[in-house]
Amino acid sequence: MTQTQRVFQAWKGSNKFILGGRLIFGPDARSVPVTVLLIILPVVLFCVFVARHLRHEFSPYNAGYAILVVAILFTFYVLILLSFTSARDPGIVPRNLHPPEEDLRYETTLSADGRQTPSVQIPRTKEVIVNGVSVRVKYCDTCMLYRPPRCSHCSICNNCVERFDHHCPWVGQCIGLRNYRYFFMFVSSATLLCIYVFSISALYIKILMEHHRGTVWMAMRESPWSVALMIYCFIAFWFVGGLTGFHLYLIGTNQTTYENFRYRANSRTVAYNRGCANNFLEVFCTQVKPSRNNFRAFVEEEPPRVVTTTTRESEDEAGTLRQKVEDDLDIGDDLMNISQRCNPAEQPHHSLDIDQSMLGVAERAATIRTETRHGSWGSRRSGSWDIEADVSSSNVRESRS
């Protein structure tokens, strides 16, 4: 076995790796910095133009610092959840190097010229039992395996992912078995961050109104960045807040986004529903399964597979050689009949000579037959030629006599 490169270097999917295969992203990983910017930039503006002015607005005197600290810490928490979602294996099923042999079906088709052509067929689907419900799983031609239940092949990452939910372009990664929990926590935390920034900005507008004893328009003119942050958070809330509500429904019914849009109320989704409380416990209170891929391991090259097949031509050749040996062994009887037809008067005289000569031929042929049984095809060919030479010489002696 030669170990020339690591798994992440020979990876057949469309993923991107950094730090020597320690972090894995989807092919659209360039969207991750955009998502980070959409989170950090509003928080920076909030800290500079809103939270900084609220440091001394509450009793005790420095209580306003808590608003600034909470905003910064909560932002770091959201970014950590984003990294857990986008920079880890979502649950990729390792590919097979060959189709599963136990599921292969060998069939023979008859061609137009009458020849039988063997072919190998793989069933496209098969039935498995999940919680007492029959679920159909499909065969993946790319990964050469039957996908586990709730697994699907992501056309963007070009991998089969366990408990595939969807491919999220905002995090640049598939959402599956190993990162769905962090994805939901990221979306819900971003929703809470939007609510927090919106609420504190509105509070600052109210404080400005009280200080200047003016209208809301005067306060908005005093702090335009507060208005801009409120508009931004209001728009973002409908996006991340809508996702949070939708995934709360999916978790409560133990569905994935892929299953909800494709199968609706199919028995496939009913098979996994364990009740609302147990469904939430399954997502948030179970241990995350370890990755099935060691991206930093060395690739072990598999030795070439030796497949021995018997073709129609080899069978015909073997049958011809066996028939030739049998024909050579019967030459003695044919010469006996020919000699009797050519010299009927001398039949008693030559019968003994022919019988003796044929006895020698038969002995030699029997010896050759024994050799051909234990020799190679080359020895069989040479043996048949020897038989023909001996028979030809016997025939010449008989004609001269």
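Placement of Cβ uses the backbone N, Cα and C atoms for every residue, glycine included.
As recorded in TrEMBL, the features of this protein are as follows:
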- 375-385: compositional bias 'Low complexity' (COMPBIAS)
- 138-262: domain 'Palmitoyltransferase DHHC' (DOMAIN)
- 368-401: region 'Disordered' (REGION)
- 32-51: transmembrane segment (TRANSMEM)
- 63-85: transmembrane segment (TRANSMEM)
- 182-205: transmembrane segment (TRANSMEM)
- 225-252: transmembrane segment (TRANSMEM)
Same-chain residues at least 6 beyond the ends of the transmembrane segment (225-252) whose Cβ lies under 8 Å from its Cβ atoms:
38, 42, 45-46, 49-50, 184, 187-188, 190-191, 194-195, 197-198, 201-202, 204-205, 260, 276, 279-280, 283
Secondary structure content, the domain 'Palmitoyltransferase DHHC' (138-262) (per DSSP, counts of residues):
76 helix, 17 strand, 32 coil
Can you tell me the mean pLDDT for the domain 'Palmitoyltransferase DHHC' (138-262)?
93
